[in-house]
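Features as listed in Swiss-Prot:
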type: DISULFID; residues: C153-C162; note: disulfide bond
type: MOD_RES; residues: S591; note: phosphoserine
type: TOPO_DOM; residues: 1-40; note: topological domain 'Cytoplasmic'
type: TOPO_DOM; residues: 549-602; note: topological domain 'Cytoplasmic'
type: TRANSMEM; residues: 41-61; note: transmembrane segment
type: TRANSMEM; residues: 68-88; note: transmembrane segment
type: TRANSMEM; residues: 121-141; note: transmembrane segment
type: TRANSMEM; residues: 207-227; note: transmembrane segment
type: TRANSMEM; residues: 233-253; note: transmembrane segment
type: TRANSMEM; residues: 282-302; note: transmembrane segment
type: TRANSMEM; residues: 319-339; note: transmembrane segment
type: TRANSMEM; residues: 366-386; note: transmembrane segment
type: TRANSMEM; residues: 418-438; note: transmembrane segment
type: TRANSMEM; residues: 453-473; note: transmembrane segment
type: TRANSMEM; residues: 490-510; note: transmembrane segment
type: TRANSMEM; residues: 528-548; note: transmembrane segment
Amino acid sequence: MDSRVSGTTSNGETKPVCPGLEKAAEDGALQREQWSNKMEFLLSVAGEIIGLGNVWRFPYLCYKNGGGAFFIPYLIFLFTCGIPVFLLETALGQYTSQGGITAWRKICPIFEGIGYASQMIVTLLNIYYIIVLAWALFYLFSSFTIDLPWGSCRHDWNTERCVEFQRTNGSLNATAENATSPVIEFWERRVLKISEGIQHLGALRWELALCLLLAWVVCYFCIWKGVKSTGKVVYFTATFPYLMLVVLLIRGVTLPGAAQGIQFYLYPNLTRLWDPQVWMDAGTQIFFSFAICLGCLTALGSYNKYHNNCYRDSIALCFLNSGTSFVAGFAIFSILGFMSQEQGVPISEVAESGPGLAFIAYPRAVVMLPFSPLWACCFFFMVVLLGLDSQFVCVESLVTALVDMYPRVFRKKNRREVLILGVSVTSFLVGLVMLTEGGMYVFQLFDYYAASGMCLLFVAIFESFCVAWAYGAGRFYDNIEDMIGYRPWPLIKYCWLFLTPAVCTATFLFSLIKYTPLTYNKKYKYPWWGDALGWLLALSSMVCIPAWSCYKLSTLKGSFRERVRQLLCPAKDLPQGHREGPSAPATPRTSLLILTELEPHH
């Protein structure tokens with residue numbers, strides 16, 4: 001018996017309808033939207049998960065951690081953590097038709113703090129991730145010139161130590177001690193105008209502030225009409241980067257020295273597998289790249305039709321994401337191999353990760369190419385699009401969570417647009433501090449602590465525990481079977497029960513043991529209060545889970561067991577099954593609720 005209200009389609013087929021929809025209609029609230037078609041959902045998720053990390057982090061991690069050998073821990077984490085948690089979050093959103101907070105409230109109220117933790121991470125992510133777009137836009141606009149401004153030392157921002165590195169008979173034309181390249185000076189002295197430390201924030205970089213404003217304006221209009229606008233925008237933002245990546249790949253592999261770069265990228269060094277740091281890097285890359293534990297997948301899945309095959313979609317999207325990362329490595333390291341040969345230096349000296357790759361290594365390589373402004377425009381336009389759809393989907397996740405929490409307030413005409421505007425303006429104003437002369441130090445704090453692998457692993461531990469043990473892995477498998485018509489691969493259930501929490505817990509503890517304070521550029525050490533601020537950012541999300549559980553337990557009446565039992569009960573308006581014909585054998589319940597039922601009730 002399905003507790004949802006039945007609706008009838010034009011062909012007479014009955015489909016589940018959330019009971020809140022009829023109530024919302026009575027309150028004058030707008031009904032919850034759905035994707036117009038499956039492709040909009042797939043492209044939206046692809047746009048979210050396939051971002052900057054695929055281009056500037058995964059290839060470097062492969063090179064750093066043993067080349068082809070890195071795929072062993074990467075694939076282990078993919079199948080034990082990546083795919084299971086990806087499916088868990090997507091199916092949870094589709095089953096409950098709720099955003100990243102209320103979805104957890106529906107299935108297990110005591111773990112509603114998981115939703116608050118993920119949305120806290122997303123809130124911080126919305127503030128600092130878009131800063132990369134501001135930098136990329138600045139570089140993009142600077143590329144519309146005959147001579148790229150980071151290609152020479154003939155500018156006002158260059159110092160006497162600036163040396164133009166060019167190939168002369170296989171060697172560098174300058175070996176001056178402490179020499180710097182025009183690329184680095186453009187990045188640090190023209191773009192950032194970086195100060196001596198975080199305690200010296202300095203003046204606002206108004207050019208970057210205008211780029212940030214432009215990025216937020218574009219982001220706002222991509223999602224201001226909900227999934228109706230988002231679903232149309234992703235047809236371009238999620239597909240065009242692939243065209244750019246293919247163009248850069250073809251150009252890269254045809255350059256001299258490309259084979260050497262690809263060899264460094266893939267050559268297996270199996271001895272690196274004994275280093276625990278390699279396994280930690282593989283695990284954190286999975287969580288970063290798959291956008292899990294952020295509530296984004298739950299929000300996007302909540303707009304699916306109830307009987308959408310979320311299992312097949314999740315598997316396909318996970319392999320698409322990993323495949324994109326793998327191919328991006330060829331595009332990046334073929335260019336770095338060319339750069340290594342042209343400069344006559346080992347590839348280890350030109351290989352970079354993160355902003356260093358996008359704004360130092362690759363621009364330096366582009367200068368060496370014919371028609372360099374064209375390739376610079378292609379690369380930075382790809383960076384903008386990769387970051388843009390990841391950014392506006394994160395904003396959509398936060399907005400969806402707030403709207404579903406307060407539907408009577410925000411699910412009315414123009415209220416949602418005002419909410420998005422409020423989120424955008426607030427995030428823009430807070431983000432301005434990262435565009436000051438000392439803003440790069442603040443950005444690094446957010447990047448290192450706020451959305452770190454440590455925070456994501458912590459949330460993943462509780463997500464898998466909540467679904468597998470508190471709600472019941474068998475019950476959730478029944479829910480998925482009800483939606484898609486068959487049961488997923490049994491191994492995924494055992495991952496939720498045992499492998500995922502065990503692997504995530506081990507990696508989380510290892511990250512705590514191996515913790516090292518943040519440094520910038522391997523030289524600048526943050527003051528003690530800088531590290532304290534970073535830990536405050538990290539704890540702001542992690543503390544939500546235990547704090548919310550304690551709060552809910554303290555507000556209810558009755559014995560401790562009665563309160564726990566009440567908070568373990570899922571919402572009564574969740575669908576209980578629609579299958580017709582003989583029922584399948586009941587799935588054994590693996591739920592903490594069983595323990596509370598041992599106490600007699602009067």
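Backbone N, Cα and C define each Cβ position, glycine as well.
Contacts between the transmembrane segment (121-141) and the transmembrane segment (207-227): present, as 3 or more C-beta pairs lie under 8 angstroms, all at sequence separation of six or more.
With pairs at least 6 apart in sequence, the transmembrane segment (41-61) and the transmembrane segment (418-438) have fewer than 3 Cβ pairs within the 8 Å limit; the two do not touch. Secondary structure at C162 (disulfide bond), taken from DSSP and collapsed to helix, strand or coil, is strand. Counting residues 6+ beyond its ends, the transmembrane segment (453-473) has Cβ neighbours under 8 Å at 81, 84-85, 88-89, 92, 104, 107-108, 110-111, 113-114, 117-118, 121, 280, 283-284, 287-288, 292-294, 493, 495-497, 500-501, 504-505, 507-508, 511-512, 538, 541-542, 545, 568, 570, 589-593 in the same chain. Counting C-beta pairs under 8 angstroms (sequence separation of 6 or more), the transmembrane segment (233-253) reaches the transmembrane segment (41-61) with 3 or more such pairs. Count of Cβ pairs under 8 Å against the transmembrane segment (68-88): among 41-61, 282-302, 319-339, the largest is for 282-302. Of the two recorded stretches, the transmembrane segment (319-339) does not lie close to the transmembrane segment (528-548), with fewer than three CB pairs under 8 Å once pairs fewer than 6 apart in sequence are set aside. Stretch with the largest number of CB pairs closer than 8 A to the transmembrane segment (366-386), among 41-61, 282-302, 490-510, 528-548: 41-61. Within the same chain, residues 111-114, 116-118, 120-121, 124, 198, 441, 445-446, 448-450, 452, 454-455, 458-459, 462, 517-518 sit at least 6 positions outside the transmembrane segment (528-548) and bring their C-beta atoms closer than 8 Å to a C-beta of that stretch. Sequence-distant contacts of the transmembrane segment (41-61), counting only residues of its own chain at least 6 positions beyond either end whose CB sits under 8 Å from a CB of the stretch, comprise 35, 70, 90, 132, 227, 230-231, 234-235, 237-239, 241, 245, 265, 281-282, 285, 288-291, 296-297, 300-301, 303-304, 308, 313, 316-317, 320-321, 324-326, 328-329, 331-333, 351-355, 357-358, 382-383, 386-387, 389-390, 393-394. Mean pLDDT for the topological domain 'Cytoplasmic' (1-40) in the predicted structure: 57.
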